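These come from TrEMBL:
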DOMAIN    A:61-141  domain 'GHMP kinase N-terminal'
BINDING   A:PRO82, A:ALA83, A:GLY84, A:LEU85, A:GLY86, A:LEU87, A:GLY88, A:SER89, A:SER90, A:GLY91, A:ALA92  ATP binding site
DOMAIN    A:204-279  domain 'GHMP kinase C-terminal'
Number of protein chains: 2
Amino acid sequence: MIAISYSSSANLGPGYDILSMGHDAFYDEVEVLEDHSNEIKISGDGIPLDYKKNTAGLSASMILNDYGIKTGIKINIKKGIPAGLGLGSSGASAAAAVRAINKLFNLGMSHDEMVHYSMHGEIAACGSAHPDNVSSGIYGGITLVQSKNPVKIKKLKINLNFSILLVIPEFFMENKTMYARSLVPSKITMDEHIESTQRLSSLISGLITGDRDLVSYGMNDNIVERARIRMFPYYYDLKRRVIENNAISACISGAGPTVLILYDDKSDYNGILRSVDDVMRSYNIKYILKKSRIMEAYND
Amino acid sequence: MIAISYSSSANLGPGYDILSMGHDAFYDEVEVLEDHSNEIKISGDGIPLDYKKNTAGLSASMILNDYGIKTGIKINIKKGIPAGLGLGSSGASAAAAVRAINKLFNLGMSHDEMVHYSMHGEIAACGSAHPDNVSSGIYGGITLVQSKNPVKIKKLKINLNFSILLVIPEFFMENKTMYARSLVPSKITMDEHIESTQRLSSLISGLITGDRDLVSYGMNDNIVERARIRMFPYYYDLKRRVIENNAISACISGAGPTVLILYDDKSDYNGILRSVDDVMRSYNIKYILKKSRIMEAYND
């Protein structure tokens, strides 16, 4: 049984650990087969082959255990999503594996149950079970984590028309997500909280009602992005410049270093491209660009 | 020139200092007339007559000053909204006065400008310029404070059908709003922040898309209501009981002590009434009930 899951951008500015958007920039393809060895065997290029250290493997082992499935499985993972760039790569392998196992064994899982198992796979990648990327990896579209325990996800109905440009710096940081999470402050002031809720409320209202200005205003974060800025010194310059070219907004994709730019037909697309190039050159950082669209839904 | 402004409930659970809803339970009526004394004269029953201590007077004096209006004015205030009960009474007098002055002198203020002046009137009542109640007092409906400085308000498009029941305890606390604000923690943990953003996002999505379950889930607050619970010991019991009777949800109205209950045709209205009575009797607190509807919009 084969399933795929697409890349995604978590947080979207003020939605730390609650918002994520799936996009069709990249995808992982995962094949799951029954195997009579009673083991979980992982195959694939450039990924951990010990199932306990692999997000797909860890999710799979939890499902087999919880459902009392005694047979072993083979999981073959074709990574299409580059890892360590804030594109939800680890979560996508888990989500695709969970979806494939659900179909293979006819488990009839709800979407939230699939998010639950996929999320626990994330522990293999970064030590914590965060549900944001895997939510859009299961539901597609833009998802809101209402609750993590128990998992309760709401897919938002989006009425804003936009395209996506991903600016993907070509650098790799060891244990990046773990480091990025360590920079998040454990306490914030009430004023920071209120500013953040103003932005988040604006972003969500704007996405649902198709209000471009609200999205522009809302997609700004004064807590997590600010705390992590040392990891992405180019970010504020890049954001300022693309907004001067009438991009809708920009944010750090997940734990970075990728920057997600939203634009539409009011934007000066060539101006955005020039700005990106100017800024990334000035920081002496190589990058690739990837145009994409929101990944609306999975068919299964 | 006469203008009115209705009662309102700020916060709506997780929207501290950003959300407010106008309702037609009560209203203040403010008449503003030119006066050749060059003073601001206040008249009305049971209100401060020194214009610097009166929300309407303070707003008025700022406008006259900023617009260079040299004439004096008489402000006659008919209070319909009981004060000190979390119903936006102080803000409504200011909002009505600002609206009347705007018309009287043909100032052509934007809604946000009227919120700005009304908000500064609130300093007379509680020492701080908070924009939530006066936003719904100027715009009507449910308003979102995007930013306080400069004032930027968004009126949300609501697609949920509901009725309002206000449970108004008959007790009065001196300087209640100031005390209530002093209980709000100056710092919160990141986990509290995330839970709060989950609730708030759910509430706003639910109101806009008409998703009753999302509103039920979202209208819960783990920060401000929790910190103030000593002021309203009946609140959690009351909330639990009305939800058992299928109310949509309930929250503290502004800084309390009033409780706002949302219900609809799925609710057991008589069961709600019985529950309220049981709980308030068990706490030995007298109360009045007021049914109302959302106040959709002002015509001016």
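Note that Cβ sites are derived from N, Cα and C of the backbone, with glycine treated the same way.
What TrEMBL says about a protein is an automatic prediction, not a curated fact.
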Under 8 Å Cβ-Cβ from A:GLY88 (ATP binding site), six or more apart in the same chain: what's there?
A:SER7, A:SER8, A:SER9, A:ALA10, A:SER20, A:GLY22, A:ILE81, A:ASN133, A:VAL134, A:SER136, A:GLY137, A:GLY254
Same chain, 6+ residues apart, C-beta under 8 Å of the C-beta of A:SER90 (ATP binding site), given in sequence order:
A:THR55, A:ALA83, A:GLY121, A:GLU122, A:ALA124, A:ALA125, A:CYS126, A:ASN133, A:THR177
Let me check the 10 A CB neighbour count of A:ALA92 (ATP binding site). How many other CB atoms are there?
33
Setting A:PRO82, A:ALA83, A:GLY84, A:LEU85, A:GLY86, A:LEU87, A:GLY88, A:SER89, A:SER90, A:GLY91, A:ALA92 aside, what same-chain residues sit with their Cβ within 8 Å of the center of the Cβ atoms that define the ATP site, listed in sequence order?
A:SER7, A:ILE81, A:ASN133, A:GLY254
Averaged over the whole of the domain 'GHMP kinase N-terminal' (A:61-141), what is the pLDDT?
94
Taking the Cβ of A:GLY84 (ATP binding site) as centre, how many other Cβ atoms lie within 10 Å?
19
Under 8 Å Cβ-Cβ from A:PRO82 (ATP binding site), six or more apart in the same chain: what's there?
A:PHE26, A:SER89, A:ILE168
Within 10 Å of the Cβ of A:GLY86 (ATP binding site), how many other Cβ atoms can be counted across all chains shown?
28
